[in-house]
Amino acid sequence: MEATAAPFSSIVSSRQNFSSSSSIRASSPASLFLSQKSIGNVNRKFKSPRSLSVRASSTSDSVVTLLDYGAGNVRSIRNALRHLGFSIKDVQTPGDILNADRLIFPGVGAFAPAMDVLNRTGMAEALCKYIENDRPFLGICLGLQLLFDSSEENGPVKGLGVIPGIVGRFDASAGIRVPHIGWNALQVGKDSEILDDVGNRHVYFVHSYRAIPSDENKDWISSTCNYGESFISSIRRGNVHAVQFHPEKSGEVGLSVLRRFLHPKLPATQKPMEGKASKLAKRVIACLDVRTNDKGDLVVTKGDQYDVREQSNENEVRNLGKPVDLAGQYYKDGADEISFLNITGFRDFPLGDLPMIQVLRQTSKNVFVPLTVGGGIRDFTDASGRYYSSLEVAAEYFRSGADKISIGSDAVSAAEEFIKSGVKTGKSSLEQISRVYGNQAVVVSIDPRRVYVNHPDDVPYKVIRVTNPGPNGEEYAWYQCTVSGGREGRPIGAFELAKAVEELGAGEILLNCIDCDGQGKGFDIDLVKLISDSVGIPVIASSGAGTPDHFSEVFEKTNASAALAAGIFHRKEVPIQSVKEHLQEERIEVRI
């Protein structure tokens with residue numbers, strides 16, 4: 001059984017700290033922020049291990065100690081560990097770290113608040129001593145970055161100083177999109193141990209900052225990854241491991257990484273898992289539109305130009321299945337990510353009882369790829385009069401299993417205000433969530449409709465020449481953003497919105513098109529090309545997929561990083577695997 005004691009995250013109340021109005025820099029001790037000159041003088045106490053043997057467990061071989069400092073989605077690693085047959089002991093005191101037989105540190109969120117928590121609670125010193133003694137350790141994502149001297153994120157900010165180097169932001173001038181989101185390949189070195197089964201398979205990354213190989217840290221490196229440049233994707237020295245990617249979100253190959261850490265004496269397989277990964281893959285995302293039907297049941301539905309009701313006398317909500325079951329099937333079918341869109345208000349529920357929260361908790365038990373949830377990420381007051389901020393709503397979604405949250409109407413309001421004033425207030429849900437959890441955790445969903453015009457000067461928005469003329473032969477159009485499920489048009493174009501939300505902290509754009517929704521005639525290539533050419537963050541093409549050819553078309557003709565579909569997968573018209581096989585035949589990199 002899992003230990004019943006409260007996790008460290010609840011003791012330090014870091015979630016409440018993150019919700020405060022003070023900025024990260026203000027909430028962090030001044031000692032965390034270093035000058036570039038002093039960064040190189042960080043004291044490093046790590047000693048080379050005398051033995052590579054695994055320390056025998058003094059309690060139980062089926063218990064893992066987990067350091068959860070209270071930010072982001074840690075439920076997924078918990079579920080992965082349970083899936084592998086392990087129970088979890090949560091860190092409550094520094095002594096729990098020192099007494100751990102094996103320790104996993106799934107760092108999520110931003111560097112500065114994580115170091116703030118570790119320093120305030122004495123965990124930083126305990127972590128360094130644990131690692132110095134060559135005890136079994138696995139850091140994940142931020143759990144790798146914190147081992148370095150410092151980070152430029154919100155800083156410079158001093159790290160644990162175990163590994164030489166500065167964690168810096170990816171260089172977008174190299175022609176890459178930042179954040180680095182998606183499935184990429186590893187270049188595995190010798191003696192990686194926990195990566196022995198990976199081979200040429202993709203693993204899942206989501207980060208904006210990285211550490212670079214150097215002469216000073218080369219002895220730590222067990223694998224690198226290429227994204228505009230070579231960066232450190234994993235380290236290993238003795239029993240100390242850390243990875244930049246998310247094994248708990250990398251499907252079966254990721255579970256094999258965790259399994260090898262937990263069972264270091266497992267015999268090597270005859271050959272690594274088969275695959276042909278060589279670079280960042282294009283993603284195929286399955287979307288589930290979730291709402292209550294007229295009977296009060298939570299169902300997956302699908303719209304026709306955003307209309308989700310059957311065209312019959314009953315006019316009932318289309319019911320295409322139960323969300324948890326469908327998500328599980330999509331995972332088995334090979335979906336690279338699963339996106340839930342909550343299209344019901346649910347405002348009568350207390351936050352912890354929201355139906356979508358329950359869907360996430362159940363889904364994340366057996367689905368080990370990224371989960372995104374959208375709809376309703378805004379301030380609200382429930383039926384009892386309790387007020388919740390958008391940051392609290394997002395925090396609950398993350399703690400329930402979401403890896404990314406998608407903001408729609410609220411982002412439109414924030415963008416309109418930003419364009420009008422030219423000032424970032426820091427008060428919008430987009431800015432607040434991005435500041436606490438990093439922009440890689442925030443997706444902005446854009447719902448535009450095509451508006452034809454006779455001449456580019458007819459409107460004060462970005463106008464393009466379209467491939468298909470309008471009903472009166474118009475050769476030009478702009479894309480008007482909408483809110484309230486497409487029912488209300490706003491005085492802002494998709495181009496203007498995309499540029500604004502990137503400035504405000506969005507890490508990814510989900511680009512829909514009302515005109516193409518449910519039509520099965522392909523994505524709006526003109527729109528996708530316009531937006532993906534205009535921003536430096538990843539763009540997900542959505543609306544209109546009807547055949548595998550539509551996926552290859554959008555990847556070949558635009559700079560979209562991913563393509564999303566709903567209805568064709570729900571109705572089993574096109575299997576996910578068929579889409580991937582087609583993309584592979586077209587020589588488009590995909591995860592198989």
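Each residue, glycine too, has its Cβ placed from N, Cα and C.
Positions annotated as active site, for GATase activity by Swiss-Prot, on the basis of similarity to another entry: Cys141 (among others). Around Cys141 (active site, for GATase activity), a 10 Å sphere centred on its CB holds 25 further CB atoms from the protein chains shown.
Per Swiss-Prot, active site, for GATase activity is recorded for His246 (among others). The 10 Å shell around the Cβ of His246 (active site, for GATase activity) contains 26 further Cβ atoms across the protein chains shown.
Residues annotated as active site, for GATase activity in Swiss-Prot, with similarity to another entry given as evidence: Glu248 (among others). In sequence order, Ser76, Ile77, Asn79, Ala80, Pro106, Ile140, Gly254, Leu255, Leu258, Phe368 make up the list of same-chain residues 6 or more apart from Glu248 (active site, for GATase activity) whose Cβ falls under 8 Å from its Cβ.
Under the DSSP three-state reduction, Asp289 (active site) is assigned to strand. Summarising the environment of Asp289 (active site), the number of other Cβ atoms within 10 Å of its Cβ, over all protein chains shown, is 25. Summarising the annotation, Swiss-Prot assigns active site to Asp289 (among others) and lists sequence analysis as the type of evidence.
The feature active site is assigned by Swiss-Prot to Asp447 (among others), with sequence analysis given as support. Of all the Cβ atoms in the protein chains shown, 28 others lie within 10 Å of the Cβ of Asp447 (active site). In the three-state DSSP reading, Asp447 (active site) counts as coil.
Taken from Swiss-Prot, the feature domain 'Glutamine amidotransferase type-1' covers 63-271.
Summarising the annotation, Swiss-Prot assigns region 'Cyclase' to 280-592.
If you look up Swiss-Prot, you'll see 1-55 marked as transit peptide.
For the pair formed by His246 (active site, for GATase activity) and Asp289 (active site), distance between Cα atoms is given as 26 Å, rounded to the nearest Å.
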